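Per Swiss-Prot, the features are:
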type     : residues                                               : note
BINDING  : Ser20, Leu21, Thr22, Thr72, Asn97, Asp112, Tyr232      : shikimate binding site
ACT_SITE : Lys76                                                  : active site, proton acceptor
BINDING  : Gly136, Ala137, Gly138, Gly139, Ala140, Ile230, Gly253 : NADP(+) binding site
Amino acid sequence: MSNRAESFLVGLVGDGVMPSLTPHMHEREGDVQGLRYLYRPIDLLELGLPGESVGELLQSAHRMGFNGLNITHPCKQLVLDHLDEIAPDARRLGAVNTVIIRDGRFTGHNTDFSGFAAALASGLPDAKLDRVVQLGAGGAGSAVAYALLTAGVRHLDLVDTDAARCAERAAELAGFFPDSSVTARTTAELPQLMPLADGLVHCTPVGMAAHPGAPLDLSLLESRHWVADIVYRPIDTELVREARAKGCEVLDGGRMAVGQAADAFRIFTGLEADADRMRAHFLELVAAEEVTA
């Protein structure tokens, strides 16, 4: 183990963040790398603070010596007005989930998109990317779609129950990636879309413990499809289980969660995290939750 002298104080700002696994992943990786690394959840609900207080919290974090903050709902857009600099990809997405505090300046990044991109590259390195169907065009869905197009997807069919949001998101993404086609679709079109698709990406709450079930008719899955889910509580969603049973290559939601954490760790410390080690720890944490549930 290294005898590094560096110490880091970081935090997670958002509603209901106390159960988050992110602090545990960061602190364990810091320990292994020989850092003094403390990661504190800052739960707005417990503090009785609105999302609009994020600017004040940034200033307080600076005064108290924080090196950076992760930002989650409802502050990913609200934080934008309080930053000195925003990374180009985060600016395009209109959302920041990681802020580095250095020399009194606040710089915003988005590791939602980079975390999924890293997960896709490591977990499904040989995935065909000609045509992909994505379910969900909300905040996380926007970042994932951006990552897919950055990775080289040529035709992205974006499906969301909110037709207006879906159309707006598709138009934005098409403007950023003129060499790819991005089309807003409806769930009614899935029986026609899936036979043409190489892969399926799921970015809605369906499958979470509080929203059980599958996000589409699972009979539409074929063994030739690859399937990615961003839900990780539980890690084996109904979609993930059925896709594996059909012989699909599968990327579970834990991959993106670890990818986000590893990239944020790098931004905060300047050191590369060991993503495989972080995933092993993440799976330990999830398994422990399932035992106590």
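Cβ atoms here come from the backbone N, Cα and C positions, even for glycine.
Here the features listed in Swiss-Prot are placed on the structure.
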residue: Ser20; record: shikimate binding site; DSSP (3 states): coil
residue: Asn97; record: shikimate binding site; DSSP (3 states): coil
residue: Asp112; record: shikimate binding site; DSSP (3 states): helix
residue: Gly136; record: NADP(+) binding site; DSSP (3 states): coil
residue: Ile230; record: NADP(+) binding site; DSSP (3 states): coil
In the same chain, outside Ser20, Leu21, Thr22, Thr72, Asn97, Asp112, Tyr232, whose C-beta lies within 8 angstroms of the Cβ mean position for the shikimate site? Leu12, Asn70, Ala257, Gln260, Ala261
So Ile230 (NADP(+) binding site), by the Cβ count within 10 Å over all chains shown, scores 27
Which one of these binding-site residues has the most other Cβ atoms within 10 Å of its own Cβ: Leu21, Ala137, Ala140? Ala137
So the record assigns Ser20, Leu21, Thr22, Thr72, Asn97, Asp112, Tyr232 to shikimate. If I measure every Cα pair among those residues, what is the longest distance in angstrom, as a whole number? 18
Report, in whole Å, the straight Cα-to-Cα distance of Gly253 (NADP(+) binding site) from Thr22 (shikimate binding site). 14
Cα of Lys76 (active site, proton acceptor) to Cα of Ala137 (NADP(+) binding site), in Å and rounded, measures 16
Of the binding-site residues Ser20, Leu21, Thr72, Asn97, Asp112, the one whose Cα sits nearest to the Cα of Ile230 (NADP(+) binding site) is Asp112
Relative to the Cα of Asp112 (shikimate binding site), which of the binding-site residues Gly136, Gly139, Ala140, Gly253 has the closest Cα? Ala140
Which three-state DSSP class does Lys76 (active site, proton acceptor) fall into? coil
